[in-house]
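S.K.: My structure is below; once you've seen it, I'll send some questions.
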Amino acid sequence: MSTAGKVIKCKAAVLWEVKKPFSIEDVEVAPPKAYEVRIKMVAVGICRTDDHVVSGNLVTPLPAILGHEAAGIVESVGEGVTTVKPGDKVIPLFTPQCGKCRVCKNPESNYCLKNDLGNPRGTLQDGTRRFTCRGKPIHHFLGTSTFSQYTVVDENAVAKIDAASPLEKVCLIGCGFSTGYGSAVNVAKVTPGSTCAVFGLGGVGLSAVMGCKAAGAARIIAVDINKDKFAKAKELGATECINPQDYKKPIQEVLKEMTDGGVDFSFEVIGRLDTMMASLLCCHEACGTSVIVGVPPASQNLSINPMLLLTGRTWKGAVYGGFKSKEGIPKLVADFMAKKFSLDALITHVLPFEKINEGFDLLHSGKSIRTVLTF
């Protein structure tokens with residue numbers, strides 16, 4: 001019996017307020033409007049960005065259904081949708097690609113102006129919501145809201161992928177892998193023979209390590225205070241691993257001494273102001289490039305001496321690894337299917353969706369790299 005055009009009742013993890021656990025609720029998911037797509041979720045990863053909302057470090061309207069790193073199957077489409085159809089395997093895109101705005105038309109940029117990250121409204125692009133719980137409208141998150149058995153997204157925020165794709169693996173390409181890997185190959189444009197430093201060895205940081213290796217870096221120095229992550233980092237391409245707590249001097253000074261004045265490329269993949277500054281300072285003052293990948297805390301600012309940049313450093317930011325999402329994500333999935341890279345090492349835990357709070361506990365304890373929830 002077709003559910004197209006009907007309200008679907010299903011389970012979703014609702015965050016009612018910050019610093020509280022998710023609540024598994026019965027929700028109603030409205031049919032997609034014109035140029036929208038309703039997706040049956042199959043697998044979703046737990047990303048640190050979702051946790052930033054829980055902790056209050058990333059502000060978005062609540063109550064909300066979070067989640068943005070996922071893969072699923074199209075259940076139905078609204079009027080006018082042409083790029084996907086019911087039955088297609090897809091990845092929702094937390095940064096859309098409308099193809100019409102100034103950013104989308106610029107070949108060097110990917111931060112589509114239809115995004116809901118910079119100033120989140122908690123709605124779809126038409127300003128309305130598709131979720132209801134206990135008679136109350138529930139906000140969306142980043143236009144994806146994948147912590148739900150069904151979700152609705154805009155057509156420009158979903159990408160059709162290879163029909164043979166294992167969704168419980170390629171869901172990581174929806175955020176973590178693409179963000180980290182792309183920050184190295186697209187944003188920093190790591191060069192063969194170069195020296196790199198990666199701050200933070202979670203799923204995104206390890207993906208940045210993989211990107212540095214793929215780009216031909218000669219030295220990849222992984223930096224984290226959790227030594228348990230070092231073996232995995234070396235498995236994925238790190239040549240050295242260091243713990244800032246093992247040194248009396250600032251970690252940027254340690255790195256500069258190790259690399260004859262500083263690394264060529266550095267990546268902050270944590271989302272802390274102190275490590276953002278350390279990442280900048282550890283790259284060479286005349287030719288180094290530092291990339292901010294981690295989502296920074298809300299309402300906090302960095303203050304720097306302009307001389308740090310005047311001498312020749314470059315300081316950049318990266319969203320979605322610089323990939324134009326609707327074009328780039330299917331290509332990454334195709335590369336995965338062609339065995340150009342593996343995602344297995346990043347997935348440390350697989351849990352049923354109902355155990356979402358256990359998944360976040362694993363994240364907080366530092367025991368997981370990526371936990372994938374299956375529906």
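Quick reminder: no glycine exception, Cβ is built from N, Cα and C everywhere.
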S.K.: Among R129, R130, R370, find me the residue Swiss-Prot lists at the same NAD(+) site as G200, L201, G202, G203, V204, G205, D224, K229, V293, G294, V295.
M.R.: R370
S.K.: Quick one: which of C171, C175, C196 does Swiss-Prot put in the Zn(2+) 1 site with C47, H68?
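M.R.: Candidate listed by Swiss-Prot for the same site: C175.
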S.K.: Which one is it, among the recorded positions S23, C104, C175, that lies nearest to V295 (NAD(+) binding site) by Cα separation?
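M.R.: Comparing Cα positions, the candidate nearest V295 (NAD(+) binding site) turns out to be C175.
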S.K.: To the nearest Å, how far is the Cα of C98 (Zn(2+) 2 binding site) from the Cα of H68 (Zn(2+) 1 binding site)?
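M.R.: Just about 18 Å between their Cα atoms.
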S.K.: Return the member of S23, C47, H68, C104, C112 nearest to D224 (NAD(+) binding site) in space, with distance defined Cα to Cα and candidates limited to these recorded positions.
M.R.: C47
S.K.: What's the CA-CA gap between S23 (phosphoserine) and V293 (NAD(+) binding site) in angstrom, rounded?
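M.R.: Approximately 29 Å lies between the Cα of S23 (phosphoserine) and that of V293 (NAD(+) binding site).
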